[in-house]
Amino acid sequence: MRQLLQLHAHLITSPPPPDAVDPNVVAVKLICAAAARSNPRHAALVFSALPAPNLVVWNSLLRVLALHHLHPVALRHFRRLLAAGSPLPDEFTFTSVLKACAGILSRPDGEMAHALVLTRGFDSNLFVRNSLVDMYFKFGRPDDARCLFDEMITRDVVSWNTLVSGYCSCGDIAMARKVFDRMSERSMVSWSAMIAGHARSGDLGAAREVFDQATEKSVGCWNAMISAYAQNEKFSEAIALFHRMLQIRTVQPNEVTLVSVLSACAHLGALDLGRWIDGFIERRAMGLSLFLGNALSDMYAKCGCVAEARSVFEKMAERDVVSWSIIITASAMHGHAEEAISGFHRMLESGVNPNDITFMGILSACTHAGLVDAGLCYFDMMTEEFEIVPKVEHYGCVVDLLSRAGRLDQAEDLINSMQVAPNVIVWGALLGGCRIYKDINRGERVVQHILELDPGHSGSYVYLANMYVSMGRLEDAAKFRLMMREKRVVKTPGCSWIEVDNMVHEFFMGDRSHPQSEKIYSMIRTLSLRMKLVGYVPNTSLVSQSIDEEEKENVLSMHSEKLAVAFGLISTRDGTTIRVVKNLRVCNDCHEAMKVISRIVSREIVLRDRSRFHHFKEGQCSCKDYW
């Protein structure tokens with residue numbers, strides 16, 4: 001891009017004679033070159049400097065804007081072309097314009113463009129007709145799209161692919177399959193469309209069956225299947241398929257592949273693979289586009305590497321509200337409230353307005369740091385200054401903020417004044433405050449609200465059972481445990497993941513399925529003895545079963561995150577940071593145990609639970625025991 005700008009500057013300062021080179025020809029080449037370097041804004045700048053652009057220049061610009069999803073800008077330029085009265089649009093103009101109308105679901109513009117197609121006599125053009133079929137499918141009008149397809153005198157493989165993709169996008173997999181089976185020639189686009197149509201309907205088995213049937217798999221097929229796994233939370237399967245893709249020399253991952261795999265890495269905490277992808281991007285000189293940069297930054301943030309996430313962010317040539325939200329949320333999750341707040345104000349100074357996700361990040365930062373008044377100010381700013389309607393998640397965050405600070409009356413008043421119906425998460429945040437401050441009467445009332453919304457909510461039964469045990473009301477505790485059995489209420493099993501040597505290992509509570517179980521449990525026993533020698537006392541009050549103290553200690557020692565840490569200790573070199581991801585909130589006992597383990601083994605332990613990161617080092621936690 002730097003060389004292109006230099007060349008453009010030279011053309012401006014030392015222009016060739018008008019009779020030697022047509023300015024329109026030069027403009028088309030500059031527009032296409034800028035677009036190829038993902039800089040459509042520079043392409044538009046080149047266009048704006050022309051006093052009398054011809055139709056080829058207009059079409060080049062419209063194509064670039066449509067390809068880069070700048071659909072409103074494309075339609076704005078199309079209206080300028082029509083207002084000028086000359087040159088008149090042709091079939092190439094309309095293919096870009098119809099794509100733009102479809103991209104922003106602008107039905108009035110689409111119908112106007114269709115009318116102009118008919119007026120100008122381009123309705124029988126193959127490329128225009130394919131664009132019309134695609135547009136009407138995206139408008140949710142499959143009957144109109146099919147009618148246009150059936151009227152086509154000539155069809156190519158793109159026509160059939162458009163029909164298959166259109167039915168898949170409308171959710172009509174059965175009709176898409178009928179069309180797919182009728183196709184005499186199937187391209188990689190049609191195979192990819194069928195795979196994607198089965199991620200969207202949630203039928204991963206059928207999607208994999210289609211993927212396996214494709215004899216020659218393009219990068220599009222691989223991308224469709226990998227993203228299907230990632231979008232349906234089958235992250236291990238997405239990574240496994242990516243590894244298989246790397247073994248095939250005939251196809252190479254592209255930006256779309258890497259974005260999907262980075263998403264899977266982020267969810268599983270697969271830092272080693274994420275770092276390998278970072279190196280792959282650098283080795284291939286791929287450049288950090290907006291989407292790839294956001295995915296890479298998000299991966300580092302969710303794997304506990306905030307410094308690396310910020311480094312990626314700073315290297316990005318273009319940043320949007322997603323980019324800023326990732327960094328703000330990352331700072332919040334790691335307990336760096338000051339950095340989150342600073343990033344929020346930097347974003348405003350750069351001219352980027354926050355969205356609802358940005359405010360979730362800044363509210364979370366205030367919650368984890370106990371900044372109650374600041375959090376309430378940002379909540380007011382969201383509604384009053386930026387006119388963003390709070391979602392139930394925002395209310396849940398503020399209720400959590402107030403509840404953690406002991407302002408339970410204020411938290412309950414906020415719930416009762418919500419503009420949307422409170423859900424289990426909102427009431428659960430208040431229940432968390434009741435647990436911290438041992439407000440049993442309010443807790444019983446909150447549990448009733450939760451069970452009305454979700455009769456199978458295991459956390460409510462466990463909360464009351466544990467509270468009753470702590471108060472010596474053993475009969476009441478037994479009643480709730482019996483009620484859980486009678487209603488077949490099952491606790492969400494704790495699950496933890498740890499990556500070692502590019503492989504993600506999964507552990508459940510009491511898990512003995514791992515090949516190295518004997519060594520893992522031997523390490524658990526060793527740790528337990530060493531921890532007690534330095535004063536650790538297991539918090540057996542968290543175990544609600546009617547068993548003796550020794551058995552309760554044994555239950556606590558088998559929590560999934562402890563198994564993952566034990567595996568990390570036997571599988572990595574001394575001094576290596578251990579990184580674990582857990583699907584639930586870390587319990588008080590495991591939190592205390594991790595602090596002790598980090599001190600006695602001289603290791604840093606990074607644990608990401610359901611709501612935040614905990615960095616354990618030398619017997620301390622980054623959350624300062626406020627989580």
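From the backbone N, Cα and C atoms, a Cβ is placed for every residue, glycine too.
What TrEMBL says about this one:
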REPEAT    125-155  repeat 'PPR'
REPEAT    156-190  repeat 'PPR'
REPEAT    218-252  repeat 'PPR'
REPEAT    320-354  repeat 'PPR'
DOMAIN    535-627  domain 'DYW'
Distant-in-sequence neighbours of the repeat 'PPR' (125-155), which means Cβ under 8 A and at least six residues beyond its ends: 91-92, 94-95, 98-99, 101-103, 105, 107, 110, 114, 117, 162-163, 165-167, 169-170, 172
Tally of DSSP helical, extended and coil residues in the repeat 'PPR' (125-155): 22 helix, 0 strand, 9 coil
Mean predicted confidence [pLDDT] for the domain 'DYW' (535-627): 93
Counts of helix, strand and coil residues, the repeat 'PPR' (156-190), according to DSSP: 26 helix, 0 strand, 9 coil
DSSP-assigned states of the domain 'DYW' (535-627) in counts, ordered helix, strand, coil: 37 helix, 16 strand, 40 coil
